[in-house]
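According to Swiss-Prot, the active site, for hydroxyacyl-coenzyme A dehydrogenase activity annotation covers GLU510, on the basis of similarity to another entry. Under the heading N6-acetyllysine, Swiss-Prot lists LYS249, LYS295, LYS411, LYS644 (among others), citing similarity to another entry as support. The N6-succinyllysine feature in Swiss-Prot is assigned to LYS303, LYS334, LYS406, LYS411, LYS519, LYS569 (among others). The annotation phosphoserine is assigned in Swiss-Prot to SER419, SER650 (among others) on the grounds of similarity to another entry. Look at Swiss-Prot and you will find GLU151, GLU173 tagged as site 'Important for long-chain enoyl-CoA hydratase activity'. The site 'Important for hydroxyacyl-coenzyme A dehydrogenase activity' annotation in Swiss-Prot covers HIS498 and rests on similarity to another entry. Swiss-Prot lists 1-36 with the feature transit peptide, giving sequence analysis as the kind of evidence.
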Amino acid sequence: MVASRAIGSLRRFTASQTLRCPGYICRNFTRSSALLTRTHINYGVKGDVAVIRINSPNSKVNTLGQELHSEFIEVMNEVWSSSQIRSAVLISSKPGCFIAGADINMLSACTTSQEVTQISQEAQRTFEKLEKSTKPIVAAINGTCLGGGLELAISCQYRIATKDKKTVLGAPEVLLGILPGAGGTQRLPKMVGVPAAFDMMLTGRGIRADKAKKMGLVDQLVEPLGPGLKPPEERTIEYLEEVAVTFAKGLADKKISPKRDKGLVEKLTSYAMSIPFVRQQIYKKVEEKVRKQTKGLYPAPLKIIDVVKTGIEQGSDAGYLSESQKFGELAMTKESKALMGLYRGQTLCKKNKFGAPQKEVKHLAILGAGLMGAGIAQVSVDKHLKTILKDASLPALGRGQQQVFKGLNDKVRKKALTSFERDSLFSNLTGQLDYQGFEKADMVIEAVFEELSLKHKVLKEVEAVIPDHCVFASNTSALPISEIAAVSKRPEKVIGMHYFSPVDKMQLLEIITTEKTSKDSTASAVEVGLKQGKVIIVVKDGPGFYTTRCLAPMMSEVLRILQEGVGPKKLDSLTTSFGFPVGAATLMDEVGMDVAKHVAENLGKIFGERFAGGNLDVLKQMISKGFLGRKSGKGFYVYQEGVKNRNVNSDTESILASLKIPSRPDISSDEDIQYRLVTRFVNEAVLCLQEGILATPAEGDIGAVFGLGFPPCLGGPFRFVDLYGAQKVVDRLRKYEAIYGKQFTPCQLLIDHASSPNKKFFQ
């Protein structure tokens, strides 16, 4: 679902030229304009098997766009019309990617649902021809096979896949707010059964090749090859092609049957699905679960259920028509535009726009073996980075090392790693109490307590032992990097790398640069973050940077709303029903009252009244009683091991009651409470762009969604302003400003967008 890049190029032939390659039984290629202009696909013939190679130019992946689709139709028509060809193999020339899905830019360019429906119907017709082909077609899958790529593969008569970690099959369209639009909603249930098909399409979950084989999604597996005269990726593709050609010949000769024998469980499932009452119960249960999980905020899952149901109950023709129509409708929804915008932003934030650093970071050192330090260590050794984990305390160091091992061992339990791979990765970690080995470090990341004097102390100690090229990064969430760098002998090598907890699960990394930070230091930080698998935003230095600065005023409003008498459970319900993955009161417990108070006091001193809201005495009293949040077992809720339905902490309710403030009925409806929270967040985000803290709106959206849990269905604060309307946001702010003053005063950039309706953050 992203753009693509070529590894090879198409050869041109005159009418008399033939393709002569080892292992080929060749045929003549006539010169034609279609052949000469083909850039995404080329093919040759091995015996009587056409080997069709997909290799889109200028990208690491193949995507199904208009050009590739047109070329594919041309090639298949040649294959079907040739008497010398009895079968075909579809394979990608790109290592690690079969087809990553449809080109979402093609969908974004459409202005009506009818245009999108037409694209769907064209793809449906093409894949129907594949499905009904009298010449067997084998899909040889190596790497990602997603979305339209999967729909293409399941239209073929046979599928062979490499048993490699990079080979993943899936239908992730729901994550973009759409549904499989090239026949996937109709073929997938028939191939793997309705329950498994629903699971794939409603979650967007990727399926590994070995599991795909058990499900019936793949017919045969091929072991990847190791290094030889050629790189392992190249050897694997060549071997996969050889195996696929053999199976294609076997299918054409009727020596291999494309029909797979179903196991007992599959037979029982098929029988159960033949009973109307059972089917209706399954539809009902799945729909109930979807409504509960999505809270009605995402239309795509319910449409997927509807389309699958139509195909099963009314037949394939009705199913395909419903699929194409619903595909068109969904592509025009605000939710889909928001999710596609996030996808594009995520793609941009996975690139190093600062170029390659002068020296690759091969040796990493981390100061502090606490929750954050150990988390950073885990995502580093996990990616084969040699890592030193240092702490001043032996027990703390032991806990940190154990946390890293546990994280790796969890992957063994989930069969993502073998025990040998776990031990090999863990061997990249060295735990120590001193600075031995720091003279080889290419980067040091400090993750010590949020206290400026302590950070100054470790910075001075580190600079006494590290080499000149070494970058010093601070994992601070709010302390200005320029203040940390004030004691540095080399401020150009000091940078901020703000990770989010838990580090192994949170995708975002916020990198903070000062006026003195060099471009090379930034490039090094981005390179390390990308190795760790992070989505990266780069922001300028300032109090709270971007993420903490946006979250702080919203948390201040949370505190005020709680003081006004809205209970934690009610507030959580209001925020999750708006699209936040975690309720506001629960989020406070996750952050911790001590951290929340520390940030609120520091940023409050700097930003003044704009960051005011609830009374910090609430937090102070909670801290004094040990109610720090989840980490202490009590916060707004009481936390017990294994208990999902948490009770509200009655002692905290008493504190809130003692500090209760009157609510205003005109701004205290459920909707007003939701918008009081969201507008403070959005206004601060736009102000960060106005002040140059943020470089782009896209990075602002990515930071808010992946770091702070801003509702994905809204696309981030900037996409929200575009889709909801800047004027409506300003009107909301003015309404609350009349009561609370500067805390809700809209920033100038937001006012500018409101006064010019055509002015958008995303054109």
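Our numbering is plain: 1 for the first residue shown, then up by one each step along the chain.
Each residue, glycine too, has its Cβ placed from N, Cα and C.
Positions of Swiss-Prot features highlighted on the structure.
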residue	record	contacts (Cβ under 8 Å, 6+ apart)
GLU151	site 'Important for long-chain enoyl-CoA hydratase activity'	ALA123, PHE127, ALA171, PRO180, ALA182, GLY183, GLY184, ARG187
LYS295	N6-acetyllysine	THR576, SER577, GLY579
LYS303	N6-succinyllysine	LEU179, LYS326, GLU329, LEU330
LYS334	N6-succinyllysine	LEU723
LYS406	N6-succinyllysine	none
SER419	phosphoserine	VAL412
HIS498	site 'Important for hydroxyacyl-coenzyme A dehydrogenase activity'	ASN475, THR476, SER477, LEU509, GLU510, ILE511, ILE512, PHE545, THR547, THR548
LYS519	N6-succinyllysine	PHE354, GLY355
LYS569	N6-succinyllysine	ALA585, VAL648
SER650	phosphoserine	none
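Considering only the modified residues LYS249, LYS411, LYS644, the Cβ with the fewest other Cβ atoms within 10 Å is that of LYS644. Restricting the recorded positions GLU173, LYS249, LYS411 to those with a CA within 10 Å of the CA of LYS644 (N6-acetyllysine) leaves an empty set. In the three-state DSSP assignment, the secondary structure recorded for LYS411 (N6-acetyllysine) is helix. If you measure from the Cα atom of GLU173 (site 'Important for long-chain enoyl-CoA hydratase activity') to that of LYS411 (N6-acetyllysine), you get 26 Å. Here the Cα atom of LYS249 (N6-acetyllysine) is found 40 Å from that of LYS411 (N6-acetyllysine). Under the three-state DSSP scheme, HIS498 (site 'Important for hydroxyacyl-coenzyme A dehydrogenase activity') falls in the strand class. The recorded positions examined here are GLU173, GLU510; by Cβ neighbour count within 10 Å, the least packed of them is GLU510. According to its DSSP assignment, GLU510 (active site, for hydroxyacyl-coenzyme A dehydrogenase activity) is in a strand.
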